Amino acid sequence: MWTLLAGRAGPSALSASRHVDIACGPPTSTCRRGGLVDNVGVQRGRILVIEDADAIRAAVTTALFAAGHEVLSRADGAGLEHDLAVFRPDVVVLDVMLPGRDGFALLETVRARCEAGVVMLTARDGVEDRVRGLRAGSDDYVVKPFDLTELVARIEALLRRMGRLQAKLTIGDLVVDVDSGVVVRGDRQVALTATEFKLLTYLATHRDRVLTKTQNLTAVWGYEDYDPNLVEVYVSAVRRKLEEHGPRLLQTVRGLGYTLRVGDR
């Protein structure tokens with residue numbers, strides 16, 4: 001689990017920090033890395049992140065991408081109008097204190113131009129500041145320091161309220177209900193622990209994509225500086241439980257990582 005301190009992030013997030021804009025999502029999106037989210041039968045969100053702190057911006061982007069969302073991040077709002085028109089985000093995550101136009105000014109632009117949800121980030125934890133953000137039209141107001149898992153959950157809750165997030169992942173005869181935590185293979189329910197479910201959801205969200213041990217560690221446990229054998233143990237457990245109800249879906253790609261797909265290619 002990652003916890004962001006004001007202007008700081010965990011080791012894996014810091015290693016991803018760059019002084020550039022970051023875009024992550026399906027390969028059909030220009031200059032974006034991505035999983036095959038559209039092929040999984042689940043609609044994920046388009047998230048625009050505007051945050052001037054490099055470490056926080058990189059960490060939030062990485063966490064949202066790990067959850068299967070398409071993400072575009074910016075260090076300021078200079079190109080907001082263009083991003084709203086071209087990227088067409090479902091949710092905009094806005095830092096309040098930004099160079100140039102601040103978060104409240106950008107919020108007015110978002111509200112005037114589109115129907116995107118807005119989540120504001122700020123180090124100001126006073127009641128007056130939170131009330132100002134909500135009255136200005138933001139859908140949620142998150143105070144730094146915050147936990148990345150909670151932030152992603154808040155964004156996904158907003159997407160569901162907006163009707164823009166489907167909560168079921170379907171791969172062959174496997175159905176993963178993200179909201180209820182229920183996994184069904186064929187006509188039988190598969191009992192998983194919380195961590196096993198999180199690992200399966202991550203793999204299912206990125207169906208057909210080979211995910212390394214480091215990627216799985218970062219997405220499921222929130223850090224990469226840990227024993228990679230932990231991933232092997234959980235992959236083996238999930239695979240064993242899935243295979244009790246059907247043919248193999250969770251494949252090992254030797255020397256690379258793991259992938260969830262129909263058929264052994």
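Backbone N, Cα and C atoms are what each Cβ position is placed from, and that goes for glycine too.
Positions annotated as DNA-binding region by TrEMBL: 166-262. The domain 'Response regulatory' annotation in TrEMBL covers 46-159. Per TrEMBL, domain 'OmpR/PhoB-type' is recorded for 166-262. Residues or ranges marked as 4-aspartylphosphate by TrEMBL: ASP95.
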For the domain 'Response regulatory' (46-159), the mean pLDDT of the predicted model: 92
Collapsed DSSP category at ASP95 (4-aspartylphosphate): strand
